[in-house]
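Some features that TrEMBL has for this protein:
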TRANSMEM  12-33  transmembrane segment
TRANSMEM  39-62  transmembrane segment
TRANSMEM  74-101  transmembrane segment
COMPBIAS  118-127  compositional bias 'Basic and acidic residues'
REGION    118-141  region 'Disordered'
COMPBIAS  128-141  compositional bias 'Low complexity'
Amino acid sequence: MPKKRRSTKVMFASTVLLLEAFVMFFATLAVFGLRRGEFPPALILGVGIGLSVVMIVACAFLSKPWGVGLGWILQLVLILTGIFEPAMFLVGALFAIAWWYGIRTGIRLDREAGQRAREQAEWEAAHPDQAAGPDQQAQAT
């Protein structure tokens with residue numbers, strides 16, 4: 001019995017969120033070093049590391065119906081970190097574009113893979129003698 005295929009959408013979305021978590025961690029260190037006098041250090045580190053952890057944990061929920069919505073909220077939060085470090089407006093916008101592209105392309109690829117699997121199953125049902133691979137045919141004779 002073949003293994004259940006992993007969702008390409010979930011793999012793409014997880015990749016983007018993990019990259020964002022790393023960027024958020026290093027942005028936290030940058031804000032900590034550059035703006036320590038403007039914001040309390042505990043607040044900078046707490047919020048930044050907390051957001052990084054939330055982005056990592058969100059990867060576990062991407063297969064849930066609300067998981068992609070959570071990802072969109074995190075995209076907005078990443079863009080809004082530009083309030084504290086203006087370069088994050090650009091970084092957040094670029095990650096939001098990567099998120100959108102990953103979700104859109106992942107959905108399309110998952111749909112195509114499902115169609116291909118259905119067509120393969122139909123062909124194997126219509127041609128049971130040819131459905132076995134070369135190794136299985138050699139063993140049968």
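Here the Cβ of each residue, glycine as well, is placed from N, Cα and C on the backbone.
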Completion exercise
The answer for the transmembrane segment (12-33), taking Cβ pairs under 8 Å and residues 6+ beyond its ends, is 39, 41, 44-45, 47-49, 51-53, 55-56, 58-59, 62, 67-68, 71, 74, 78, 81, 84-85, 88, 91, 95, 98-99, 102-103, 105-106
Problem - For the transmembrane segment (39-62), sequence-distant contacts whose Cβ falls under 8 Å of one of its Cβ atoms, 6 or more beyond its ends - result: 9-10, 13-14, 17-18, 20-22, 24-25, 27-29, 31-32, 68, 70-71, 74, 77-78, 81, 84
